[in-house]
Every structure is written in C-alpha cells, then in structure tokens.
Amino acid sequence: MAASGDVGKLLQVQNGTPASTSYNGVDALHACNILQQLKALYDEAQLTDIVVEVDHGKTFSCHRNVLAAISPYFRSMFTSGLTESSQREVRIVGVESESMHLVLDYAYTSRVTLTESNVQALFTAASIFQIPALQDQCAQFMISRLDPQNCIGVFMFADAYGHQELRERSQDYIRKKFLCVMGEQEFLHLTKDQLVSILNSDDLNVEKEEHVYESIVHWLEYDCSRREADLPEVFAKCIRLPLLEEAFLSRIPPAFALALSRDSSDKSRLNGTNGCSQRLGMTASEMIICFDAAHKHSGKKQTVPCLDIAAGKVYKLCKPPNDLREVGILISSENDIFIAGGYRPSNSEVCIDHRAESDFWQYEHAGNRWLPRSPMLRARIGCRLVHCCGKLYALGGRVYEGDGRNALKSVECYDARDNCWTAVSPMPVAMEFHSTIEYKDRIYVLQGEYFFCFDPRKDYWGHLPSMNIPRTQGLAALHKNCIYYIAGICRNHQRTFTVEVYDIEQNTWCRKRDLPFDQATSPYIKVLLLQGRLHLFVRATQVMVEEHVFRTSRKNSLYQYDDEADHWTKVYETPDRLWDLGRHFECVVAKLYPQCLQKVL
C-alpha cells in the first residue's frame with residue numbers, strides 16, 4: 001500500500017502540475033453577516049464604546065471602529081491622540097438628530113432612506129463626516145427631484161458645498177427651464193456670480209435675448225441699493241447686444257441703457273449678429289418626427305427622420321433603444337419627448353407575435369440620446385401616452401399572450417418626481433389603435449362607438465356621445481377647443497375619409513368635408529398640429545405601368561387645413577424616398593435643435 005507521500009507524488013505526475021498545498025476561499029456572505037451582527041449590537045447597545053451627542057442634546061451610543069471605518073472625520077478624531085480620542089462622549093455641532101440617525105443606519109446597514117424633507121440635512125451631515133458615497137446618494141436624489149420651483153435652491157445648495165455634479169446638473173436644469181425658473185422667488189436670491197454663471201451660457205433655452213435682459217432687471221430690482229453697482233458687469237458678461245431688437249433697445253430706461261453701453265470695448269458685443277453666438281433656444285425649430293421609418297437601403301434598419309419644413313431641411317434623431325417599434329409617443333407641453341412600450345423586432349421574417357416591452361425612455365435634446373426612466377408596470381405595444389394634471393398616463397395597447405393578440409384596458413400613471421408608475425382605474429373597454437386627447441385636466445379617449453372622458457383627480461371614467469359614423473383606427477387632434485376625428489375604418493371594414501368635429505364645451509358632434517384622397521392610392525394618414533394649424537402627413541402609393549410592368553411609387557406629402565374654407569391643401573412633399581414609411585409609422589411635432597441632430601439633407 002502506497003504511503004500518503006507517494007500518493008501525493010503520483011497525483012502530481014498524473015496531472016502534470018504541482019499539487020496545491022493551500023486553498024484560498026472567499027465567503028461571499030461574510031461581510032453581510034458581519035454587518036448584520038454589528039447592527040444587532042448597535043440596536044441592543046452592546047459593546048458600544050462611544051456616545052455621540054448632536055444638536056438639541058440627542059445622544060447615540062455606537063462603536064468607534066464602525067464610525068472610523070466609514071468616516072475619515074471620526075477616524076481622525078479617534079486616532080489623533082487629541083482629547084476626543086480618549087473621551088467616552090463627543091459632541092458634534094451642526095448635525096440634526098434625524099440626520100445622525102440616518103448616518104448611523106447607513107454605517108451599520110449600508111441602506112439609507114431619503115425624502116425631500118431630510119435629504120439636504122443628511123447631505124450636510126455626510127459632508128461634515130466626509131462620507132462621499134452618502135453625499136452622492138443624496139445628490140442623485142436631489143437631481144431626480146429637480147423642478148422649476150426647487151432647482152435654484154438646489155443649485156445654491158450645491159454651490160455652497162462645492163458638489164460639482166449636483167451644481168452642474170441643477171444649473172443645466174435651470175438653463176433648460178429658464179422661462180419657468182426666472183419667475184420663481186428663489187431666482188432673486190442668486191449671488192452675482194451665480195447669476196452670471198447661469199446667464200452667460202450658449203445653452204440657455206430662450207427664444208429671445210430680451211428674456212435675459214428682463215431676468216437681470218428683475219434680479220436687480222429685488223435689492224437695487226446693493227446690486228446697482230454690479231449691473232454694468234452683469235450686463236457686460238450676460239447680455240448679447242446684437243441679439244436685442246432695435247425697437248426693444250430704444251425702450252430701455254436711460255440708467256439701464258448707460259449700464260449696457262459701458263465696457264463697450266468687449267468685442268463680442270459689438271461685432272454684429274454674425275459674430276455673436278445664439279442661445280440654444282434661439283435655434284429651436286418645429287419639426288415633424290417620423291417614428292418607425294425604415295432606412296432606404298435596408299427595411300430592417302429603423303431610422304427617425306425629422307423634417308424642418310420651414311427651412312426645407314431633413315435631420316435624423318437618435319433611434320429608440322433596442323430598435324423598439326410601435327412605441328407610445330408623447331411630446332409634453334414643455335417639449336419633453338417620451339416613448340414607452342413597443343416591441344423588439346424578431347430576426348424571423350414570419351414572426352408576428354411580438355413580445356411586448358415595458359421600457360420607458362425620455363429624450364435628451366442636447367445629447368441626442370434616450371435616457372432610461374422607470375419601466376411601466378405592464379408591458380404593452382402601441383399604447384397611448386397623455387400628459388395631464390402634471391403626470392403622464394399610459395392607456396391601453398396590446399400584447400400577445402395566451403390565446404393570441406389581446407387589447408388592454410389597463411391604465412397607469414407616471415410621476416416624474418418619484419420616477420415611478422402606479423395603476424389607476426382601467427378604461428371601460430379594452431382598446432388598441434385608439435386616440436387620446438388632453439383638455440382642461442381631462443383625458444378623452446375615442447375608438448369606434450366608444451367615447452370616454454377620464455378625470456384623473458377623481459379617478460373616474462365618464463361616457464360621452466359617440467361620433468355620427470363610428471369607426472376604428474381614426475386620428476384625433478385638439479384644435480381650437482374642438483376634437484377633430486379624421487378617417488378610420490368603418491364596421492364594414494371599408495376605409496373612410498370622413499371628418500367629424502366634437503365641440504367639447506357644447507358636447508356636440510358635427511360633420512366636415514371629407515378628405516380629398518383617392519382610395520386607390522392606399523393613403524396612410526397622420527394628423528399633426530404644426531405652427532398652430534391642423535395638418536395631415538400622408539403616405540400615398542401610386543401604381544404605374546411601364547412597358548407592361550407594374551411599378552409602385554410612394555409619396556409623402558403634407559396637407560394644411562383651412563378652417564374657414566373647410567379645405568385641405570398640399571403644402572409640402574418630402575424629398576424622394578429618403579426612407580420608407582410602413583403601415584404603423586407615427587408622426588409627432590416637437591421643437592428640436594438642429595445643431596444637436598445629424599443632418600441628412
């Protein structure tokens with residue numbers, strides 16, 4: 001029988017490598033278990049060796065080694081050899097009791113509970129204790145809660161503590177929402193340097209330089225005696241004189257005109273409009289965005305063309321992530337672009353049962369990219385998105401489940417401040433290819449013989465009179481306080497170009513002249529509001545015979561509606577076949593920034 005040493009040598013020879021004499025194992029749960037036991041000791045006040053007293057005399061018994069491990073502040077205090085290192089109790093000034101409780105909870109559990117009421121005080125405590133990871137969590141929470149009412153306060157707070165990311169993100173938000181923010185009370189409390197930092201940027205979202213001037217005057221008048229001496233410097237650094245209208249300049253009071261004329265040696269303010277860069281908001285152009293368009297040379301590759309009708313140019317928007325198709329689309333009143341749901345195309349040419357997605361994305365104009373937001377509660381294809389009462393609603397759509405294709409009646413609500421969705425009362429019937437309109441804090445939903453009104457504040461659905469010619473897959477638009485319902489498919493499965501108008505205040509329907517299209521061209525129609533007027537974007541197909549060979553030709557055209565004449569006129573035709581539009585293409589109108597997009601034509 002071989003001795004143990006011989007067996008070891010035999011194994012080395014068989015394996016061809018020296019046998020290992022040690023084993024290095026890692027217990028993945030060890031750190032978590034240690035943390036749990038330390039938390040238990042803290043909760044039971046066992047083996048504690050330091051008492052921390054904060055504002056209002058509140059005390060906390062805890063462990064020096066835990067505090068020193070997460071905080072350089074405490075590590076220095078307990079190891080420096082100073083008086084505090086040997087004291088049983090230490091007092092911390094400037095930290096609230098709730099904040100200290102949250103810091104200790106974070107130290108012993110790695111978890112933190114943030115609210116709008118505690119986040120700034122906790123950030124302050126984390127700053128004092130030099131815990132950057134906790135500071136960053138607080139900063140991200142504040143960034144996620146930015147709105148026109150609090151962004152100035154957050155910016156000033158970040159500036160005071162020198163947190164670069166929070167300062168930059170809040171400043172970017174102020175510039176983006178400047179017209180809303182400049183009227184807020186906190187705007188008047190900005191320091192001169194903070195005001196200049198915001199106003200001297202190219203990224204300021206204003207359509208006229210006059211808004212910048214007015215905001216400075218508003219800021220000055222709040223504390224004129226102290227700020228008057230700063231006015232020439234603020235004007236010199238922030239106002240771009242060539243961008244001010246001559247008529248506006250002539251109306252400026254003499255004292256302000258004198259301040260504007262000082263520092264006239266600044267060349268950037270005297271070299272004419274051509275040498276003075278425009279603000280971001282001045283470059284915005286209202287464009288038609290076409291979703292679910294196919295690339296000209298490959299039908300499988302999606303592209304998102306943007307038509308600047310006024311300038312006669314074509315741009316390209318960043319396509320939806322994961323090549324999502326048939327998404328719900330919303331352009332908010334603040335020009336934010338959202339997409340939700342849809343499906344990812346299959347590699348199979350014959351697959352029609354697409355898997356619904358719950359993804360939710362917001363478009364970032366400056367970066368021409370899509371930013372992820374919290375996904376919907378329910379995956380859905382072709383849902384409708386509506387902004388109402390400060391929140392976003394996703395209604396209906398379809399999924400492929402169980403016995404096949406199923407329409408949905410569920411509705412959910414998105415709160416941007418909390419970045420979360422909640423379910424609300426479902427629609428009375430399941431719907432897909434329906435139309436939704438928001439008007440005076442109500443959501444109107446139309447499909448076939450169904451016409452409903454939803455009150456978000458009461459979470460209640462009401463019934464309204466159906467249209468005269470019920471039809472599905474029609475198109476709805478709000479124009480002059482009326483809902484225009486255009487085209488669709490009748491009960492006999494025939495397409496119709498009927499136009500009906502619902503007067504919301506009068507609660508009545510009336511007919512308008514039918515659309516001037518030929519059934520033979522198989523037009524696919526989308527309704528738009530462009531420059532305040534009702535338009536139709538139409539994809540029409542023509543069949544031509546050339547030397548006994550049938551050829552098809554598609555044209556994409558824009559028609560404008562004349563309210564008084566009740567007449568549609570073609571006003572634009574897209575460049576020939578830059579892309580292909582399928583049956584499920586969608587068109588929306590939004591203000592976009594050409595310099596942020598890829599130019600196509």
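Placement of Cβ uses the backbone N, Cα and C atoms for every residue, glycine included.
What Swiss-Prot lists as domain 'BTB' is 48-116. Residues annotated as domain 'BACK' in Swiss-Prot: 151-253. Per Swiss-Prot, the feature repeat 'Kelch 1' maps to 336-390. Per Swiss-Prot, repeat 'Kelch 2' is recorded for 391-441. Annotation source Swiss-Prot lists repeat 'Kelch 3' at 443-481. Annotation comment: Swiss-Prot describes 482-529 as repeat 'Kelch 4'. According to Swiss-Prot, the repeat 'Kelch 5' annotation covers 542-588.
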Intrachain neighbours beyond the repeat 'Kelch 3' (443-481), with Cβ under 8 angstroms and 6 or more residues off its ends:
384, 386, 388-389, 391, 393, 395-396, 411, 413, 424-425, 427-429, 431, 433-437, 487-491, 496, 498, 500, 502-505, 507-509, 511, 525-529, 534, 563
Confidence summary (mean pLDDT) of the repeat 'Kelch 1' (336-390):
90
With DSSP as the yardstick, break the domain 'BTB' (48-116) down into helix, strand and coil residue counts.
35 helix, 11 strand, 23 coil
